[in-house]
Amino acid sequence: MKALHFGAGNIGRGFIGKLLADAGIQLTFADVNQVVLDALNARHSYQVHVVGENEQVDTVSGVNAVSSIGDDVVDLIAHVDLITTAVGPVVLERIAPAIAKGLVKRKAQGVDAPLNIIACENMVRGTTQLKGHVMNALADGDKAWVEQHVGFVDSAVDRIVPPSASATNDPLEVTVETFSEWIVDKTQFKGTLPNIPGMELTDNLMAFVERKLFTLNTGHAITAYLGKLAGHQTIRDAILDESIRAVVKGAMEESGAVLIKRYGFDADKHAAYIQKILGRFENPYLKDDVERVGRQPLRKLSAGDRLIKPLLGTLEYGLPHVNLVKGIAAAMHFRSDEDPQAQELAALITEKGPQAALAQISGLDANSDVVAEAVNAYNATK
């Protein structure tokens, strides 16, 4: 089996690429970073530090790399069995034209074997969005062939892969946590379902997408925002602060009540899932900076993301949300010289005040009780 993976960054190398290579799949990375491409093609291998209670160093080998903006990547798309991505949500649109060209070439060469494409991004139904971009780049005469032969498979991914400075200045070395979860929608595949250790197949993907978004992502963000306000540097430092931990755990329990109501998750199992995530935040081997986790607050405060979406669920079912509101208020306080969205957020609050600013960013009604609660919490944490 041959696979092409877009994105040779830390998540690409340390998570999805590693799982594919470990499964014996012939893997080629596509990226724009020439330093990383040259290193991969010189060595065809790299090291992954898996850190937890038992640290281990795994070697991923037998890999190649091509530029994601050249002809080589188009040629590969005509022949591979699987395409995966870990490029970040905003980059999906940029790689779509190359994928479209490759699919046209595949059709022209008479390659009718099924191809499946899986976007492994921190977003809801990312592959469906990628499919829209690819279809927009195709001529009408090619669309029916693509619909028939190409599966666009949505997935949920979960592994903390912070940026880490290599002790040896190796551009390929990457550090990851022990935990990983890659859940894919088995109803969207074309052809035979793949058997890849570490890939879990489900016919109820949205339950797992929201479980991850409402728990890991919600908890991670609130830990970062409260941690930044309290002067902590890392996620571990923040979650070991009992006052922060109480709000984070409370927020995950509030969002969890929505999941239990919506999808029928077992309450005891979900409580154990929350405890596992708190343990991941405490991992002493991951230097996860609150500034990194908190960045892009406008996106994280938008209607479909990790803070507002679970809040909307509590409103839908008439459930408590006091800790989620505290997290939203902390996000509104996020300031960073390195993050344009943090600066835009600050300017918006200065210009319009917290009430109108939150309503504009989140889509919530400016005159609603919940916006008033968030503004009160925001003012109380000044």
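Cβ atoms are placed via backbone N, Cα and C, with glycine included.
DSSP assigns HIS5 (NAD(+) binding site) to a strand. Taken from Swiss-Prot, the feature NAD(+) binding site applies to ALA3, LEU4, HIS5, PHE6, GLY7, ALA8, GLY9, ASN10, ILE11, GLY12, ARG13, GLY14.
Long-range Cβ proximity for ILE11 (NAD(+) binding site), meaning a same-chain Cβ under 8 A and a gap of 6 or more residues, is found for ALA86, CYS120, ARG159, VAL161. Over all protein chains present, the Cβ of GLY7 (NAD(+) binding site) has 26 other Cβ atoms lying within 10 Å. In sequence order, LEU20, ILE25, GLN26, LEU27, THR28, VAL80, ASP81, LEU82, ILE83, THR84 constitute the residues six or more apart from ALA3 (NAD(+) binding site) in its chain with CB-CB distances below 8 Å.
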